[in-house]
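> The structure that follows is given in the form of structure tokens.
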Amino acid sequence: MLKLLFGDPNTRKLKRYQPIVEEINFLEEEISQLTDDDLRKETQNLKSKISSELDFKKQKELLEEFLPKAFAIVREASKRVLDMRHFDVQLIGGMVLHECQIAEMKTGEGKTLVATLPCYLNALTGKGVHVVTVNDYLARRDAEWMGQVHRFLGLSVGLIQQDMNPVERKKNYDCDITYATNSELGFDYLRDNMATDVNEVVQRKFNYCVIDEVDSILIDEARTPLIISGQVERPQEKYQKAAQLSLKLVKAKELSKDGIDPEGDYEVDEKQRSCILTDQGFAKCEEYLGVNDLYNPKDPWAHYITNALKAKELFIKDVNYIIKNNEAVIVDEFTGRVMPGRRWSDGQHQAIEAKESLQIQPETQTLASITYQNFFLLYPGLAGMTGTAKTEEVEFEKTYKLESTVIPTNQLRKRKDWSDQVFKTEIGKWKAVAKETANIHRDGRPVLVGTTSVEKSELLSSLLSEEKIPHNLLNAKPENVEREAEIVAQAGRAGAVTIATNMAGRGTDIILGGNSDYMARLKLKEILIPLLVKPDNEHKPPIPKQRNSKSKGGFSKKASSKLKKNISNSSTSLFPCKLDEAIEKQLSLLSDELVKNWGDRQLSVLELDDRIATAAEKAPTDDDLIKLLRESLSAVKKEYEKVLTHEEEKVRKAGGLHVIGTERHESRRVDNQLRGRAGRQGDLGSTRFFLSLEDNLLRIFGGDRVANLMNAFRVDEDMPIESGMLTRSLESAQKKVETYYYDIRKQVFEYDEVMNNQRKAVYGERLRVLKGNDLKRQVIGYGERTMSEIVDAYINPDLPPEEWNIDQLISKVKEFIYLLDDLKSEDINLLSIEELKNYLQEQLRIAYDLKESQIEKIRPGLMREAERFFILQQIDNLWREHLQSMDSLRESVGLRGYGQKDPLIEYKNEGYDMFLEMMTNMRRNVIYSMFMFQPKTEVNEKK
């Protein structure tokens with residue numbers, strides 16, 4: 001009703017941008033007359049005007065004033081360098097991002113290109129801009145691809161990758177625009193706040209940040225905090241024994257009701273992801289282990305057994321993790337990617353290693369942690385892009401204070417979303433998926449099948465192999481993951497079948513008919529890797545091998561080093577055609593020239609990738625070899641385009657890409673992301689979801705209604721069920737899950753908010769010490785507070801002065817400051833409390849000057865080094881202990897809900913008291929350490 005009265009708020013918002021779009025369009029002709037050098041000069045002029053304004057508010061006003069001109073410059077640069085012109089709707093997207101909102105843009109509408117506009121504008125402040133992506137590949141791709149526009153205009157572009165050293169990181173963070181993943185940014189922030197020297201700090205002050213796939217980062221990953229940890233030794237045999245014991249325990253068929261245990265040794269609650277021993281299970285475990293109490297603090301077992309049961313029941317191989325190089329590697333549930341280096345905490349990862357009979361790694365202790373919510377709230381300017389923001393609009397607004405604006409598509413959507421097909425059993429569903437895939441494939445249309453786990457993708461792969469349907473498999477398995485971009489880029493070819501685990505944030509567009517640009521790059525890599533890349537590097541990435549109907553997917557084991565063999569063996573199903581003799585000769589000459597200049601197998605794969613990517617750019621270059629590489633790339637691309645243009649037409653006529661979903665995800669948003677792969681930029685396309693009543697979502701969250709439906713439907717397993725009640729159950733289950741996980745994220749955020757205020761105080765103190773030129777004043781400040789606290793502890797203002805315990809007070813002062821050895825009670829007997837504090841503080845300052853003169857005689861500057869060392873040492877040690885105490889408090893505080901107390905308020909109050917105590921201990925320990933500091937002299941060492 002309100003919408004009818006006042007109109008759609010999103011439409012009203014979009015109208016506000018229209019006059020600015022017209023102004024940018026008006027400037028287009030004028031800007032197009034400028035030479036390349038003129039564009040660079042304009043950039044420098046704008047940068048000097050904006051960056052010289054130090055007042056934050058006035059600088060913001062300047063950005064608004066120059067926005068139309070800046071956007072017009074970026075549009076022109078993009079036309080010249082990328083041959084891509086920003087549409088009007090993309091200009092609106094850029095303005096929405098500049099205003100620190102979330103821009104919802106459908107798949108294929110050019111989100112990556114949109115980001116160039118606000119990034120360029122905000123980089124003119126000279127304070128740096130961060131573009132955040134979900135993985136290293138996308139960060140690298142965008143830095144190479146979109147970075148061309150910024151480099152062309154004279155701005156510096158940085159890229160942060162996993163294997164970079166601190167010097168490279170600092171250099172890249174100092175660039176005008178830096179591309180990085182969310183985890184690299186977060187971990188660098190934590191590492192910077194553990195640095196012991198200001199030169200080890202790699203990041204500068206945060207300014208403005210654009211997050212690509214913002215929902216993936218701020219919502220999906222918000223449940224898991226970033227943690228830097230150190231190793232703690234725990235007995236490995238306990239994990240192994242608990243794993244053996246878990247196999248002997250019997251799972252209960254149902255959950256306990258009204259406090260009565262079900263039959264069995266333990267119950268599994270999949271919704272809460274927990275395993276609980278029954279009384280019978282407790283007795284069995286105690287008998288097997290020969291102990292009286294599983295919770296005995298001197299010999300605890302309960303934690304190990306619970307983790308072993310969770311490893312057995314809830315952490316499934318090829319779903320939650322895969323085994324790679326004899327290690328259990330986590331698979332990201334949202335993106336389907338492996339996360340090497342990440343481990344589950346609280347001994348869960350060790351329990352999985354014991355279950356799989358792998359070497360058990362030591363447990364860890366948290367040294368530093370932060371949630372993504374609180375990390376990204378550190379940016380004064382935060383914006384994001386996604387294809388699906390409206391489903392999470394409330395959460396963006398409440399947690400991050402971010403508005404969402406839907407950007408209209410440039411062309412009308414022609415995608416058809418066919419109705420779901422629901423089957424009674426999972427077997428029936430997979431048979432139907434294989435059948436539909438085969439039918440659509442035979443029509444000459446490309447098919448993309450989205451699965452939710454590695455295990456399911458391999459099940460479908462074997463079904464399609466039985467049907468003799470050639471297909472590509474993209475999941476977290478290492479042999480498939482390195483072909484990711486190639487597989488997705490070719491997923492739009494006629495009759496192509498691609499099975500992909502969780503398509504969220506894959507980043508590569510599926511172009512109908514195939515991507516000629518990517519194929520050309522791939523062709524050159526196939527030829528050049530054996531000739532230019534070091535043999536030990538050759539497997540990264542190996543030369544792609546086309547999957548046939550019988551293969552299990554993957555790569556050719558070894559690339560031939562002979563050029564002719566590489567060319568003649570190019571699979572016609574991978575590349576659209578065989579290259580003609582003239583181009584083959586051109587490639588042969590290119591190879592000889594590159595080997596002569598770059599050396600025989602002297603490069604790493606990344607170096608070769610870099611050079612091919614540079615050659616694929618349109619930016620001007622003086623490097624003759626890059627020019628030669630560019631000519632060859634262009635020739636191969638044109639040759640492939642001849643075939644692919646015809647193939648694209650054929651695919652369009654057949655109906656475009658068909659997307660099949662094989663399970664409803666926990667979030668409707670991820671389902672929409674999968675659907676959004678079809679029908680990009682006005683293309684034809686269709687989607688359909690195949691579901692079964694045995695799917696996790698319905699089984700765990702559907703409740704009794706779905707269980708009753710299963711019994712009610714007396715149909716064959718391969719017969720689809722259509723029912724309004726079923727559809728409603730499905731939607732209600734999905735909403736239940738979304739609410740459930742939102743509550744978890746909200747709770748994580750609320751509890752971390754308490755830690756966040758403490759973290760800011762500690763990191764602020766640390767930074768002051770790292771940069772501090774006036775450390776002496778800081779330490780004396782600690783000492784003065786300590787003296788004041790000693791007086792408050794030992795002197796009771798309600799008692800007359802003759803009853804004050806002066807001797808104990810003097811003894812405590814001497815404990816801290818041995819240089820005040822001659823302090824006597826008669827010196828202070830007649831002083832008031834305030835005078836006493838002032839006197840002791842004055843004595844502290846005199847003693848500190850004396851200590852400094854002693855230390856400085858040994859080596860000038862040593863006192864300042866000692867101050868920095870002791871403050872950082874105390875902050876780091878006490879903060880680490882404090883984090884552990886806060887974790888323990890959080891676990892114990894939950895039980896107070898039973899006593900009608902709010903656990904969060906209890907956590908805030910007690911956490912605050914613990915924090916004050918930590919800061920007090922830090923100050924006292926620093927003062928004590930400074931006065932006890934006795935550096936070795938050369939004379940001492942000789943003795």
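Along the chain as shown, residues are numbered 1 onward.
For all residues, glycine too, the Cβ spot is worked out from N, Cα and C.
Straight out of Swiss-Prot:
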type    : residues                                              : note
BINDING : Gln90, Gly108, Glu109, Gly110, Lys111, Thr112, Asp509 : ATP binding site
REGION  : 535-564                                               : region 'Disordered'
> So if I draw a 10 Å sphere around the Cβ of Glu109 (ATP binding site), how many other Cβ atoms end up inside it?
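So the Cβ neighbour count for Glu109 (ATP binding site) comes to 24.
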> Gln90, Thr112: which of these binding-site residues has the highest Cβ count within 10 Å of its own Cβ?
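The most densely surrounded of these binding-site residues is Gln90.
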> Count, for each of the binding-site residues Gly110, Lys111, the other C-beta atoms lying within 10 angstroms of its own C-beta, and report the residue with the smallest count.
Gly110
> In terms of DSSP three-state secondary structure, what is the assignment for Gln90 (ATP binding site)?
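Once the DSSP labels are grouped into three classes, Gln90 (ATP binding site) ends up as helix.
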